[in-house]
Amino acid sequence: MSERCKENAVGHIVQVIGPVIDVAFSRGQVPEIMEAIVVDANNLTIEVQAQLGDGVARGIAMGPSEGLKRGLAVTRTGAPISVPVGHATLGRIMNVLGEPVDGKGPVQTEDRQAIHRPAPAFDELAASTEVLETGIKVIDLVCPFAKGGKVGLFGGAGVGKTVLMMELIRNIAIEHTGYSVFAGVGERTREGNDFYHEMTDSGVLDKVALVYGQMNEPPGNRLRAGLTGLTMAEHFRDEGRDILMFIDNIFRYPLAGTEVSALLGRMPSAVGYQPTLAEEMGQLQERITSTKVGSITSVQAVYVPADDLTDPSPATTFAHLDATVVLSRQIAELGIYPALDPLDSFSRQLDPQIVGQEHYDVARSCQKTLQRYKELQDIIAILGMDELSEDDKLLVSRARKIQRYLSQPFFVAEVFTGSPGTYVSLKETIRAFKAIVAGEYDHLPEQAFYMVGTIDEALAKAQKLQQG
């Protein structure tokens, strides 16, 4: 900030309506849009959203506005909100301003970056079609993740969304020596607390930075929490790392934007959303990308209001996704975890030119077998297995083996299941499913394929079953 700006950089509050604060400055010192200004009395940060004329700036409070009154002094910072970045953020829980909320003292770093920055330039982007191996069989087979891609995670309560996220964080941390950033956007405080303790127990907390804009916080906090997490992820990417970024829940990002838009008096658009919905979503999503230096792969939990996929918020999100992972309650009820639906889930990466002809053929063969089994289930329920043709009986047997082999014991769930977790390479996954579809394991019982990692484990389990 210039010396002239420092001299007259103090204004005073002229109006407070909930989280919307109007501040008057001298005419030559009106803060810029997106600049952070600070209330001297309680150190509350306000982000400027509009200039109303006559030296008055309107902003959104990044914290509770209780206790504010007209006349309080407000100081310009001359810059947008900035947050700590780098290794010091790992293992810490921070709020939207990058302030620690875990009681472990300040974040020990001098490195800070502004949360508002442009997306990487076109010539900086990497046109990579590389697949990110997760070690989770069902994901690697039917909906492979692209390095630097965006994945939508659809799932209701209790189907294993959080456990799947934690396993991905663990696998990236251990197998790829990578870091993760978790942004809780409009997150329930209880969920955030559970997530923190579960990751501590799993031993991966030191590989992840957590940013929470909790559900009970003002809309400004929830609107910017995603950008705070993304800024931390971008720093790691620019160091040459492959980063995994989780956003839970991406739906609450435009929802917070809707609240801010209404508070600022903007004309609502379809279904009451802000008129700038697509632009705001684009500003966040376009920054989540691969450059020639490193990559950010994001997994975003998507809530679909009233299961209406045409709602403007999920519809806008869909435009940015490379893959959709659908967690199904019906599959969870069968005791198959991860409860990922291999017929509903989709990835743009599942293309023979990207993953190779063999991977593509094996994945499609598995889906074809499962689809036929789904069609036959009504007949089986009414008439029983005996009424099926020999070919269909064989197909059903293979489909049930595929379905069970898609389950996998997780490292982060070892505490609950008592089974050691497994990381299965993509090569091993393709080899195993190819053999099951080809009928090489028709002689084995289907129980042998349930909750095992590699096919060798299934063979060993089958031997135990025969002996016992």
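Any Cβ shown, glycine's included, is placed from N, Cα and C.
Feature annotations, reproduced from Swiss-Prot:
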| type | residues | note |
| --- | --- | --- |
| BINDING | Gly155, Gly156, Ala157, Gly158, Val159, Gly160, Lys161, Thr162 | ATP binding site |
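Considering only the binding-site residues Ala157, Val159, Gly160, Thr162, the Cβ with the fewest other Cβ atoms within 10 Å is that of Ala157.
DSSP assigns Thr162 (ATP binding site) to a helix. Other C-beta atoms found within 10 angstroms of the C-beta of Gly156 (ATP binding site) number 13, with every protein chain shown included. Listed in sequence order, Arg329, Ala332 are the same-chain residues at least 6 apart in sequence whose CB falls under 8 Å from the CB of Gly158 (ATP binding site).
Apart from Gly155, Gly156, Ala157, Gly158, Val159, Gly160, Lys161, Thr162, the ATP site neighbourhood in this chain, defined by C-beta within 8 angstroms of the site C-beta centre, holds Leu327, Ala332, Ala339. Taking a C-beta cut-off of under 8 Å and a sequence gap of six or more, Lys161 (ATP binding site) has these contacts in its own chain: Leu153, Gly155, Ala301, Leu327. Other Cβ atoms within 10 Å of the Cβ of Gly155 (ATP binding site), summed over all protein chains shown, number 23. DSSP gives Gly156 (ATP binding site) a coil state; it is part of no helix or strand.
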